[in-house]
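Report on one structure; see the data block that follows.
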Amino acid sequence: MEAARTERPAGRPGAPLVRTGLLLLSTWVLAGAEITWDATGGPGRPAAPASRPPALSPLSPRAVASQWPEELASARRAAVLGRRAGPELLPQQGGGRGGEMQVEAGGTSPAGERRGRGIPAPAKLGGARRSRRAQPPITQERGDAWATAPADGSRGSRPLAKGSREEVKAPRAGGSAAEDLRLPSTSFALTGDSAHNQAMVHWSGHNSSVILILTKLYDFNLGSVTESSLWRSTDYGTTYEKLNDKVGLKTVLSYLYVNPTNKRKIMLLSDPEMESSILISSDEGATYQKYRLTFYIQSLLFHPKQEDWVLAYSLDQKLYSSMDFGRRWQLMHERITPNRFYWSVAGLDKEADLVHMEVRTTDGYAHYLTCRIQECAETTRSGPFARSIDISSLVVQDEYIFIQVTTSGRASYYVSYRREAFAQIKLPKYSLPKDMHIISTDENQVFAAVQEWNQNDTYNLYISDTRGIYFTLAMENIKSSRGLMGNIIIELYEVAGIKGIFLANKKVDDQVKTYITYNKGRDWRLLQAPDVDLRGSPVHCLLPFCSLHLHLQLSENPYSSGRISSKETAPGLVVATGNIGPELSYTDIGVFISSDGGNTWRQIFDEEYNVWFLDWGGALVAMKHTPLPVRHLWVSFDEGHSWDKYGFTSVPLFVDGALVEAGMETHIMTVFGHFSLRSEWQLVKVDYKSIFSRHCTKEDYQTWHLLNQGEPCVMGERKIFKKRKPGAQCALGRDHSGSVVSEPCVCANWDFECDYGYERHGESQCVPAFWYNPASPSKDCSLGQSYLNSTGYRRIVSNNCTDGLREKYTAKAQMCPGKAPRGLHVVTTDGRLVAEQGHNATFIILMEEGDLQRTNIQLDFGDGIAVSYANFSPIEDGIKHVYKSAGIFQVTAYAENNLGSDTAVLFLHVVCPVEHVHLRVPFVAIRNKEVNISAVVWPSQLGTLTYFWWFGNSTKPLITLDSSISFTFLAEGTDTITVQVAAGNALIQDTKEIAVHEYFQSQLLSFSPNLDYHNPDIPEWRKDIGNVIKRALVKVTSVPEDQILIAVFPGLPTSAELFILPPKNLTERRKGNEGDLEQIVETLFNALNQNLVQFELKPGVQVIVYVTQLTLAPLVDSSAGHSSSAMLMLLSVVFVGLAVFLIYKFKRKIPWINIYAQVQHDKEQEMIGSVSQSENAPKITLSDFTEPEELLDKELDTRVIGGIATIANSESTKEIPNCTSV
C-alpha cells in the first residue's frame, strides 16, 4: 500500500534544491528545501552517510531517466538524490512546510526483513492534505556543468553578510510589445557561500515576510557537514542577513525544521559528527536558544494540534517525546521500527497525547502498541492487535489503521476503521497480491493498488467500502515505474477541485494509454485529442486508434510545476504534458490544458514548460523547461488561449526552481538559480501584482456546467461553477470560491459499482464470481439478528444521487439463518507450532461459518487442562496458556451449538528449524489395500529427521525416521492424515484428506488453453475449479454429486483427473453396482467428448473440459485379478519407473546432464501408484534432487501414468513457521 500524493509533512526539514542548469534535475521542497551539489560541480554522490539522518521520503519523479530519450536521460543522470538508503519511505504527520505542496507516491516496500513485505504508508490523492508520518530530511546533489554560461555571469567581490541586489523597473500599464514587458524584481546573491553544496529554504508565506535559508558544505569523504550559514530575510527576499553569530560561530548546522501549527517556531539541528544539540526559535528565526542532547536525532514528528509536542526518533531506534518544544526529552520506547510511529488522530483517538508505534521483537517480528507520551511504562501500554505483525507494516492514516501479517509465505492485510476491531481485508479471492500500496483514504474510502501474482510492471486498482474491508476492481493493469529513489510510482492522478475524476495510464497490449473516469473508476474512457494543433492545423486523431496521452507523474521538485497539475481553487482546470497518438510517448511531447475537467483539451505549448497557478488559479504563469539560462516568463489570463511575455531579470538565469504558492497572497514569486557555474546562489524576487489592474467584481465572472460527455450528472449531482471571464485582468483573492450550485440527480446505473464478490458483465450487469456464494451470510451473523444481503451492487462512495434505482440496488435486510460450526481452526498467534516451556503460548480459534454469539467453545491444551467459553467474544484476542513440561501436545478445539459441532486439532511441539513439509497422498484409496504415503521436506540437508504420523482419529502417532510410510485403511469414508516433521528445535506439519472406497474408475481431463493464463497454481484455486467442473458435470449428466470427485493437478498445462465413485448406499449386489458405475462412466465420457462440459471462469473467459484418454479407463478395486488391463498398466508403470531410475542414475555421472536434471526436476512427476504399489518398484523420489524447494513452491503432486490412479493435492491445512521476508 503506497502513498500516491501528499502534502508537505510535518517535522521534515526540507528536501533538497539541486543547483543545476538542467531544470529536468531540479528538486526542491518547501519548508526548508535542501539543495545539494558536488563541490566539483560533477555528478553528486549520496549526501547522507550512515551516521546521518536518513533521507526524506522520495517524492514521485516527473519521469524516470530510462524512460526519456537518450539525450534527456544522460542529462538527468547529471544529478542524483543524495540520501542514505532508508528502511521505509512514508508520508509524515503534520505540516512543517512553506506554502502548500502536493506530491506523489513516496516509499518503497522494505526488502530484507524476515516476515514479509511491509505496507508502505498511505497518503491522499489530489488536493492539499495533512499527513501524519515522521520523515527525515533529504539531500540532493548538484549536477554536472550547465550547458552554457552567460557572458556576464562572472562573480564579483561582495560583502559576506549583505549580499547584492539588482533592481528591475516595472513596465508601464498597458506597455508596448510583449517582449518589452517587464516585471519588477530584485536579485540577491548569497555571497561567501559559493563552496556550500547544500541548502534548505523555508518561507511560510502566511502573513509573513520572513524567509530562512540554511546553506552548508557537506564533505563526502568525511561523511559530515563541515561548514554552514544561516540567512534570514524580513522583506520577502529583497535582502538577507547572515545569522551565524546568533547561532554560534563554531556551530555547524545540518537540518532546519518548521513547526506545522505555529510557523514562527523553528528547530535547527547541529551536525552529530560535531555535537548533538538543538537550537530553538520562537520568533521566526530572529533569536535562538541552544540545548544539548544525549541522543542523535534521525527524524522529528510534530503534533498536528499541540505546537509544543514533538516526537524524536534516534539513530539507535529509540523514540523520545517532548512537551516543551524540544527543551526536555523523555524516552518512550526502544526498538521502534523506523518511520512507524504516529500521533493520535483528533476525533478518533481518545487521548490527544496517544502515540501509535510499531515495536520490533527479538525473534524478528513486530507488535503494534499504543501509549501516552508521559505514561509509556509496560503496564500502561496497549496492544490493539494481539498477534505479531510484519515488520514495517503499521500504517495509521485518517480513519484507518493498516497492518500486515504473513503466514506460510502468504500475506494477509488487516484494517481497523475508526479504531474498531481489526478485520481482514477482503480482496477478490484470487487476486493473490505480491505487493500492495494504499493510494488514498479520502472520503471514507480506501484506494489500493495491488500487484497480483501474474503482474510485473503493472498494478490493479481496487476501491473499498466505507470500512475499508471489501474491495472491488476499478481498473486493471495501471502502469507503474521506479522513481529515482527506487520508490514505486503508480500512474494514477486525481483531479483537484472535483471529486470522482481520476486519470490513469493503463497498459494495453504493450502500449500505455491514458484513461479518465468521472465516477471513481466505474467507467473509463480514452481522452479525445484536440481538434487542431498549436498552429491551427487539423488533428486527424480518431478514437480508439488515436487519443491524447498524458504523463501523470507529479514533480519530485515542488519548485517545478510537475508534468500534470490542477488546483482545488480552480476546479476544471488541468494542465499536463503529453502527446497525441496511439500510445504514451516520451518524445514529441507538448503541454495541453483542459478547462472543463478533462472533457476537451487544447495544446498550449509544443515543448515542455513549467506552468504554475497564480492568484488561486485566476491566472497561469509558464517558464520554459530548459537547461539554458532564461530571462522571461509567460502569463495567461484566459486559461492558456493567449500568453503575455514578461522579463523578470536583466541577466539570463540558470533556473533551478520557483516558489509560487507561498507568495500567493502578496503576489510575489521567488526564482532560484545562478548566473554561472561557480557563482553564488541567486534569489530573484518577482513582484507580479502589477499585472492585475484591480480586484474582480461580480461582473468579471461567468458560469460553467460540469459535464461527462454531455451528461450533466457527475457523481450523482449537477454542479455549476463560476470562473473569471477570459481576458479580465483582475485579482480573484484568497476568498474566491469556484462552486456556485449543486443539486442531486436521480440514481442511474452509472452511480453504482459491483459489490464484493461480483463482476461486471457488459455495461451494467453485476454477476457473482465463480468463487463467490452470494447466499452465504457473514460469519458474525447471529441467529435472531439480521444482515444486509447484497443485490450485487453498491452505490459509489460519495455519490449523492437519490431515488431512481437506489431502492432496487440497495442491499436488503434478511434474518440470519442458524448455522452449525464449520471450518474450525486453532492456531498460535504467530502461526508457528512451537512454544517455550514456562512461557505463554497464545492460541487463536477461528471459524469459517457458524453463529459466533451462540456457539460454545472448548479448548483442551493436551496437558490435562481445558477451558470453556459460552461464545467467541472473550477469546477474540487469544487464549494464553503456559506449558510446564516439554513434549508433544495435542491441542483440541471443540465448537458446538444446537445445529451441530466441529473439531480442530493442533499438535504443538518444541522443534527444529525445518521450513517446509509437503505431504503426498492419493486422492482415492482402496479399502484393505496398502497406500504409500510420503513427506517431502525442505531444506533437504537437515540430517536425521523424526516423522510423526496421525491417521484418522488416532491419539497416538506412528513415529518413523523414514520420510515414507505404508498404511491400510479398513473402512470406507474420508480419513485425515497428518504428518509432523521434527528436527532440532522446529516442528512443522501438513494435513491432507483421502477418500477410501471399495472400487472406483477415473479419467484424465484437459482444458482449453485459456485456463492456463488464469491459473495461479495454488491449492485453493484447484479446489474451486474442481468444484466448478463437478457442478458442470452434474448439470449436464444428472450424475449424483457424491459419486464424482475432481482432482486438479498442479503445474501447467492445467489438467485434472475425474474419479467416479460408488454410491454411498453400497449394497451386497456388487456386480450390479459395478455395472451402474460403468454406465455412469460412459455417460460422463460421452458428455466430455461432445464438449458439453464447460464453464465461465470470468466474463469473456469460457473454458471447455476435454477427455485426455481416447478409451475408458478400467475399474480399480481390491480384487487382484479383476482387471488384467489394470495389472498390465501397473506393470508398465513399474518398468517405466525402473527405466527412468536407471537413466537418472546414469545421468548423475555426467555433470552437464546432472545440471539439466536439477533444473528440470520441477516438471518431472514421481510415478507411484495410489493402490498396491509393488515394494520393489524403483521410483525417483524428490529428495534425490538438490533443490526441493522448487517442488514445494509448485506443490507438485504425482499421478500414475495411464490414468489408473493419481497422487494429487487434497485440501491442505498447514502449520508452518512464518519464514518470509519483509
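Using the three backbone atoms N, Cα and C, a Cβ is placed for every residue, glycine included.
Features of the protein shown, as given by Swiss-Prot:
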DOMAIN    827-917  domain 'PKD'
CARBOHYD  Asn207  N-linked glycosylation site
CARBOHYD  Asn456  N-linked glycosylation site
CARBOHYD  Asn789  N-linked glycosylation site
CARBOHYD  Asn800  N-linked glycosylation site
CARBOHYD  Asn840  N-linked glycosylation site
CARBOHYD  Asn932  N-linked glycosylation site
CARBOHYD  Asn953  N-linked glycosylation site
CARBOHYD  Asn1065  N-linked glycosylation site
REGION    40-70  region 'Disordered'
REGION    87-180  region 'Disordered'
REPEAT    231-242  repeat 'BNR 1'
REPEAT    279-290  repeat 'BNR 2'
REPEAT    634-645  repeat 'BNR 6'
TRANSMEM  1126-1146  transmembrane segment
Asn953 (N-linked glycosylation site): tally of other CB atoms within 10 A of its CB: 9
Candidate glycosylation sites Asn207, Asn456, Asn953, pick with smallest Cα gap to Asn840 (N-linked glycosylation site): Asn953
Local Cβ density at Asn789 (N-linked glycosylation site) - other Cβ atoms counted within 10 Å: 13
Per DSSP, three-state class assigned to Asn953 (N-linked glycosylation site): coil
Residue among glycosylation sites Asn207, Asn800, Asn840, Asn932 with least C-beta crowding, 10 angstrom cut-off: Asn207
Mean predicted confidence [pLDDT] for the domain 'PKD' (827-917): 84
Asn800 (N-linked glycosylation site) versus glycosylation sites Asn456, Asn789, Asn932, Asn953 - nearest by Cα: Asn789
Distance [Cα-Cα, Å, rounded] between Asn789 (N-linked glycosylation site) and Asn953 (N-linked glycosylation site): 39
Inter-residue C-alpha distance, Asn456 (N-linked glycosylation site) and Asn932 (N-linked glycosylation site) (nearest angstrom): 40
For Asn800 (N-linked glycosylation site), the three-state class that DSSP assigns: coil
Cβ packing number for Asn456 (N-linked glycosylation site), 10 Å threshold: 7
Secondary structure composition of the domain 'PKD' (827-917) [DSSP: H/G/I, E/B, coil]: 6 helix, 45 strand, 40 coil
Pairwise Cα distance for Asn932 (N-linked glycosylation site)/Asn953 (N-linked glycosylation site) [Å, integer]: 19
Helix, strand and coil counts within the repeat 'BNR 2' (279-290) (DSSP): 0 helix, 5 strand, 7 coil
Secondary structure at Asn207 (N-linked glycosylation site), reduced by DSSP to three states: coil
Between Asn207 (N-linked glycosylation site) and Asn953 (N-linked glycosylation site): CA-CA distance (Å): 78
